[in-house]
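Heads up, the thing below is written out as structure tokens.
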Amino acid sequence: MLRRNLMLAVALGATLLSGAAYAADPVSIVYIPKNTGNPYFDSIIKGFEDGCKTLGCEFTTVAPASAEATSQIPFVTAQIQRGVNVVAISPNSPDALNQVFDRARAKGTIILSVNSDMPGNETHRDAAILPVDFTKTGPSQVELLGKQIGYEGEIAILSATTDAPDQNVWIAAMKETLEKDPKYAKMKLVTIAYGDDDPQKSTTETEALLANYPNLKGIISPTTVGVAAAAQVVETAKKADKVKVVGLGTPNQMRRFIENGTVEAFQLWSPYNQGLLAANFAVGVKNGTIKNEAGTVFEVPGLGKVTVEKDSVIKTQADLTTFDKTNIADFNF
Amino acid sequence: MTSIDKNPVAPRVIVREAAAPRPRWQVWLIRPEVVTLLLLVIAAIVATRLSPFFADLGFILESSTYYIEFAIVALVLTIVIISGEIDLSPAAQMALSACLFGTAFKAGAPIPVAMGVSLLSGLVMGAFNGFFVTVLRLPSIIVTIGTLILYRGLAQVLAGDKSISGFPGWFVGIDYRMVGIVPVPVLVFIAASILLGLFLGITIYGRQIYQIGTSEIAAIHAGIRVRRIKMGLFIASGLTSSIAGLMVASRLGSVRYDLATGGELTMVLIVMLGGTYIFGGRGSILGTFLAAWLLVIIATGMTVANIAINAQLTIMGLLLIVSIIATNAIYARSQR
């Protein structure tokens, strides 16, 4: 009896000790999204939380009320004061945070830019976690539409604004794919419309497309506002069987159109995976198991092998995620 | 009184005793600035309890630099409000003057020249507001809501969606230049508070501004040059805004059209927390000075304690209402 008690005490003591040693320095990570109340960022946060559950890191998230360029600065300063190891942030400005990042890094805090990078100011952060390999966005969208219309017929693009940098890069890639790849030789791009990422204008532009091009077979809208508006117009006009809509959209916006068959499939990436990857990378770099330099390959459970590219850029996934009837129920953002 | 006494037809002489003068301690203690000071002490104690990371003077001073530009403009805004007017455009003036500075620098002007352009623009923007208010006699709240949108729009036309950066090293980082442990912007704020406090408290212009705010018609009859003084206040507001804009440009190392967005509300918040009467005639620089630190303590304390932003905004809103009620109650009491 006594011996049993002793053993229990020893075992308890051992657990306590190891527990204490473990708790002494879990890596602490804070994530600062652009602003509060955006389901897209809630998905990234969920990824961080699940990652930290398995890795044993401490995770918190704080966010400013507005996405104004300087609104995140006091939060970064407060986190340095709290002594967190890693600040992951979706910066509201490519350069307004430079000074405060420099100070954080001088005190040993690791700065990760999540979801978007800081073009031209890469030296002020430690690494950038981006959603997807954006060079594949254009070709991938063309293929998604081509498959649905039998690689034949007139198609149109509904973009954001005329000078939206991301969209213009993707559209250029779409044009190139259509011209160069013989597989798409019978698909003809008739026009590019600009909805300015405004639901009303996007709706009007789509209506004009349907009126002006009666033989139109498909619309690609590589912007979340545009693709939802286009789907709505096609649904109202009852032309879902004649005109296929594809694009980049979020599952919550597009769920209704997928469920009622207006849209067969659309694409995006998984913000959840970005959070998961960022948590793994942060802990690895802090503990010295992952080297933050170009060429490093590391494994993320559930995502496979990931490579650190030039300028410490990490792309979460190579290909876009395609959402359709079979998987849309799994996503909520 | 005397005319009634001399009237022989009066059936009865009404003798009213003057109320006993209020005790001196009441006159000194029951004033809005004391409420602000009390809130400041309470906020500091609560913030220290909320987070073990808060009570660090270096950290509080560093964090204060994020609000101090607004606080500097709020000092001038205090005087504008005491004179019975309001200026809601300073934050937009900060953005436009900073963007003019950035554009001039990008066009090849040396930094001192670009700074001169920015300060000059502050004078012009202030005079523009002043023209509408004093010459065309339009209500300042409407005029400055208009110019708030106008100046912000011009800043966007000028700078577009991109930020302007690449300023030389000596210009960048004013908030990181220290005298002891005090960042330079904080020193500027303290110096400006003392100067404006003296201006309002002991100069003849200061007394005239209180008079204008209390009763503009009486002030005009007393021979006070109301329009000239108001014009001066709007110009001072513009100039101070452009100085604050330059300080933001230096702190961030870049300028953008959306710099200081929403700052006008922070400024009004500081002035109101400091016990300045929104209808003019009453208020003090000391109150605004204390209120600026109250805002710094509350915002910094809650942020470092990881309190969610919606809770932070709720508390700020409640505090503002409490301070306005307190100010009104105190002024109503002292007017009896």
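For all residues, glycine too, the Cβ spot is worked out from N, Cα and C.
Record note: among B:212-232, B:233-253, B:233-253 is the stretch given as transmembrane segment by TrEMBL. When Cβ distances are compared across the two stretches, the transmembrane segment (B:115-134) makes no contact with the transmembrane segment (B:286-309), since fewer than 3 pairs at least 6 residues apart fall below 8 angstroms. Beyond the transmembrane segment (B:34-54), the same-chain residues lying 6 or more positions past its ends with a Cβ under 8 Å from any Cβ of the stretch are 60, 273-275, 287, 290-291, 293-294, 297-298, 300-302, 304-307, 319, 323, 326-327, 330. If you look at the transmembrane segment (B:286-309) against the transmembrane segment (B:141-159), you find fewer than three C-beta pairs under 8 angstroms, all six or more positions apart, and that falls short of contact. Long-range neighbours of the transmembrane segment (B:141-159) within the same chain, counting only residues 6 or more positions beyond its ends whose Cβ lies under 8 Å from a Cβ of the stretch, are 86-89, 91-93, 95-96, 98-100, 102-103, 125, 128-129, 132-133, 255-259, 261, 264. It is B:66-84 that, among the stretches B:66-84, B:233-253, B:259-279, B:315-332, forms the most Cβ pairs under 8 Å with the transmembrane segment (B:179-205). Each of B:66-84, B:233-253, B:315-332 was scored by its Cβ pairs under 8 Å to the transmembrane segment (B:259-279), and the highest score goes to B:66-84. Through the fold, the transmembrane segment (B:66-84) approaches residues 90-91, 94, 140, 185-186, 188-189, 192-193, 196, 199-200, 209-210, 212-213, 216, 229-230, 233-234, 236-237, 240-241, 243-245, 247-248, 251, 260, 263, 266-268, 270-271, 274, 276-285, 287-289, 291-292, 295-296, 299 of its own chain, all at least 6 residues removed from its boundaries and within a Cβ separation under 8 Å.
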